Amino acid sequence: MTVTNPTPLPSATILGYPRIGPDRELKRALEAYWAEPARHPAQTVLDTLGDLRERTTLRLRELGLTQDTAVPSEGFAVDHVLDTALALGAVPARFRAEGLLPAAPDTERGIELITALSRGTDDLEPLELTKWFDTNYHYYVPELDPGTALRAHPESLVSRYRDTLRRTGVRTRPVLVGPVTFLLLSRPETPAAHGARVDPLAGLDDVLAQYVSILSSLHAAGVPWVQLDEPALAADGWGASRERILSAVTTAYTRLTALSDHPSVLVTVGYGDAGQDAHLALARTGVDALAVDLDRGAVPTRAALEAWGERPVVGGVVGGRTVWRTNLAGATDTLDRLRAGARGPVAVGTATPLLHVPHDITRETGLDPDVRSWVAFADQKVSEVVELARGVEHGWKEISEALETDTRIREARATHPATRRPEIRERTAAVSPEDRRRPSAAERRAAQQERLRLPLLPTTTIGSFPQTAEIRAARAAHRAGRLDGAAYWEAIRSEIARAVRAQEELGLDVLVHGEAERNDMVQYFAESLEGFATTRHGWVQSYGSRCTRPSILFGDVSRRVPITVDWTRYAASLTDRPVKGMLTGPVTILAWSFVRDDVPAAEVADQVALALRDEITDLEAAGTAVVQVDEPALRELLPLRETDRPAYLEWSVGAFRLATGAAAADTQIHTHLCYSEFETVLDAIEGLDADVTTLEASRSGSGIVDGLAAADFPRDVGPGVWDIHSPRVPSFEEVARRVRHAARAIGAERVWVNPDCGLKTRGWPETEAALDRLVAAAVSVRTELEREDDDAARAGARPVLSSSGVA
Ligand code: GLN
Ligand code: ZN
């Protein structure tokens, strides 16, 4: 039953806007409160949120989103999934037991609760963080069992709406994660349920009851439209069949729109194509409007639009995932095709919320003006939406000026010398399959054993050592011109010396220089490569209060001069032990940058790979015997739809192999991956053909180790034995247990002992304490295994240690 509503859907809208503030105001407020709640009480966070909501609303109106409900009502503290969880009262039992009861998010108690849930307390583990679809944003995973006692907390959604209306006179549109996506993103909270197959949609009824109550409250408060985001419909792999998911969609939206006292419901599916099946399922319900992603997805089919009838559709033609100007001519075509099939009004929108892009490119006055003209950050994307909506309303002629400007800029970009450098194109075109192949694994293993002579269960770290306040201060002073180059390099050198000394004293086998010189593992390389630009204010939220400033990869990529060789050589000069050269891999460099959209990703990746290949050759010439090429983002870029995955894995694995393919047999190539859920990409990890793979593992229990063992992973692996994400120092027994388990399950000859990830966010005291235990555990298990081996030999049995053999 569709409710006729006095407020029509606006003809221009966006699905969401950056939340952290143009000058990271929210980050500062949160971190001040977390550091010193006595001086900066929770109320200061709430005040900042209210101010930001007001500024955002006024800014968006100024940019042209002038119609009622065109502006989403956001402005929550930490994460939108967590915000929806609190609106539903979904607080795990362990927090309730601590007396942290569900509370409306926009209250001091709510902020305390959000803090506990997202950061943990002395006694309680926080909610897990994981990647939001195929982006570098991380959400807090709600924990939910069918029996979880939910209770709707619509108060904050209502008060945000009212407060913004009072301050600005604008009726905004509250946003929630939709019920189906919310359930699919959630995990069971009871440990017993872990691992067991549970139906992720089992809690649907209970969850829907809360949504019904929230929608009624919003209606009572006079809210005309509510936005429910269902991006999960654009992805595969939820542990429930597609039929089951679609039937949940039908159940959910039939129920939410059955009552007369609800605001009009806009369902959005960003991050890809929902597909005809989902469109039809939604069409069967009383949903009032649908927003589709026309940046990554296709125009809905005739049949879907037919079923949708006269209800409005928002065509998301302005992409929210890249920083490039929208191809306006292309967008007008797409919108025309949508209008040809749609029976109702067509509005213009963004394909996703704009949280993945920075605020405003016009602030980047230091950027090359050509490059700047090609870029659209959030505010520019809003203007594009507004302009296209004007065209939909009054005809494309009306916006001919904007269309011509865009065409002109597009042509200038295509012919700009930086975007097409013949020598680079020739080099990538000449790459042969041989360039992606190293000598056989057996040959490499023998040559490396001969050269490195490492003990059983060798110990190493992932690369970075603590980025101390002194390092950051020196870098800031250098950037500000208060510290000259020579003094800065001296400061970095002394940090490297400190890290090498510490590792020698701790007794690690393969050392690192510690990455003191790197502000960020991608930006550091971007700054040294041709084809990249960096920004000053281009921050995007990564998780909680954490922001990153992705570089802009706009042109053909090449390496000017060696990037890492001097630092590695210096570290190596201080020790007799091997020092690993440390590089960021091509896939991760792409994943954590804003990558050009005018050349296929596979080719961009190969350009980056060739630059890294040259770097490895130079490291080898400087005497480096071990080189690590980090690919923590390999899993992150994995396409949401299964059918798209083989092509991605082909080019991503290919780029890694091109980067490492020239390394000599006796150069040991390591790679490092983190952010869990490797099971789906184990074959690809094997395809990387690295000699040693270190993985984040300690939070997954024995899952990853058992997975590697079951898959008979053929190369050396270092499943992390120390969770570096908190200052907690694991006990010797705990580390030894993990080492022993890995050695037994995988075979001791294949296992390395290392932390989960780099140590840059840790302090020195816990780093030394934990690494001391890590080395002690490796030594102890090594001795244990050797003794067993001797005993077995004496008893005439098969020796324990050679059982896993040489590949
Ligand atoms: N080498 C990097 C470091 O240690 C790896 C970081 C990562 O995996 N995210 O910091
Ligand atoms: Zn890592």
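Residue numbers in this text run from 1 along the chain shown.
Using the three backbone atoms N, Cα and C, a Cβ is placed for every residue, glycine included.
Note: TrEMBL annotation is automatic and uncurated.
Long-range C-beta contacts of H725 (active site, proton donor), restricted to its own chain and to partners at least six residues apart, with a cutoff below 8 Å, comprise R699, D756, C757, T761. Residues annotated as active site, proton donor in TrEMBL: H725.
Sequence annotations record features per position, and here TrEMBL assigns 5-methyltetrahydropteroyltri-L-glutamate binding site to K27, N136, R546, C547, W592. In the three-state DSSP reading, W592 (5-methyltetrahydropteroyltri-L-glutamate binding site) counts as coil. Neighbour density for W592 (5-methyltetrahydropteroyltri-L-glutamate binding site): within 10 A of its CB lie 22 other CB atoms from the protein chains shown.
As annotated by TrEMBL, L-methionine binding site applies to I462, G463, S464, E515, D630. Under the DSSP three-state reduction, E515 (L-methionine binding site) is assigned to coil, being neither helix nor strand. Taking a C-beta cut-off of under 8 Å and a sequence gap of six or more, E515 (L-methionine binding site) has these contacts in its own chain: G463, S464, F465, M521, M582, G758, K760.
Summarising the annotation, TrEMBL assigns L-homocysteine binding site to I462, G463, S464, D630. The Cβ of D630 (L-methionine binding site) has 25 other Cβ atoms within 10 Å, all protein chains considered.
Under the heading Zn(2+) binding site, TrEMBL lists H672, C674, E696, C757. Counted within 10 Å of its Cβ, the other Cβ atoms near C674 (Zn(2+) binding site) come to 22, all protein chains included.
What TrEMBL lists as domain 'Cobalamin-independent methionine synthase MetE N-terminal' is 12-340.
What TrEMBL lists as domain 'Cobalamin-independent methionine synthase MetE C-terminal/archaeal' is 457-778.
Through the fold, the region 'Disordered' (407-447) approaches residues 325, 327-329, 370, 373-374, 530-531, 554-558, 596, 598, 603, 606-607, 610, 654, 657-658, 660-666, 668-669, 689, 691, 714-715, 806-807 of its own chain, all at least 6 residues removed from its boundaries and within a Cβ separation under 8 Å. Feature annotation from TrEMBL assigns region 'Disordered' to 407-447 (among others).
Among the features that TrEMBL reports, region 'Disordered' is placed at 786-807 (among others).
When the binding-site residues K27, N136, W592, H672, C674 are compared by Cα distance to I462 (L-methionine binding site), the shortest distance belongs to H672. Helix, strand and coil counts from DSSP across the region 'Disordered' (407-447) read 31 helix, 0 strand, 10 coil. One residue stands out among the binding-site residues K27, R546, H672 for having the most other Cβ atoms within 10 Å of its Cβ: H672. The Cα of H672 (Zn(2+) binding site) lies closest to that of D630, out of the binding-site residues N136, W592, D630.
Cβ environment of C547 (5-methyltetrahydropteroyltri-L-glutamate binding site): I20, R24, K27, W539, V540, Q541 lie under 8 Å away, each six or more residues apart in the same chain. Across the structure, D630 (L-methionine binding site) and W592 (5-methyltetrahydropteroyltri-L-glutamate binding site) place their CA atoms 13 angstrom apart. Sequence-ordered, the extra residues of this chain that approach the L-homocysteine site, with Cβ no more than 8 Å from the Cβ center of I462, G463, S464, D630, are T461, V512, E515, M521, M582, Q628, H672, C757, G758, K760.
For the binding-site residues N136, S464, the greatest number of Cβ atoms within 10 Å around a candidate Cβ is found at S464. Between the CA atoms of W592 (5-methyltetrahydropteroyltri-L-glutamate binding site) and C674 (Zn(2+) binding site) there is a gap of 14 Å. Within the model, the domain 'Cobalamin-independent methionine synthase MetE C-terminal/archaeal' (457-778) carries an average pLDDT of 95.
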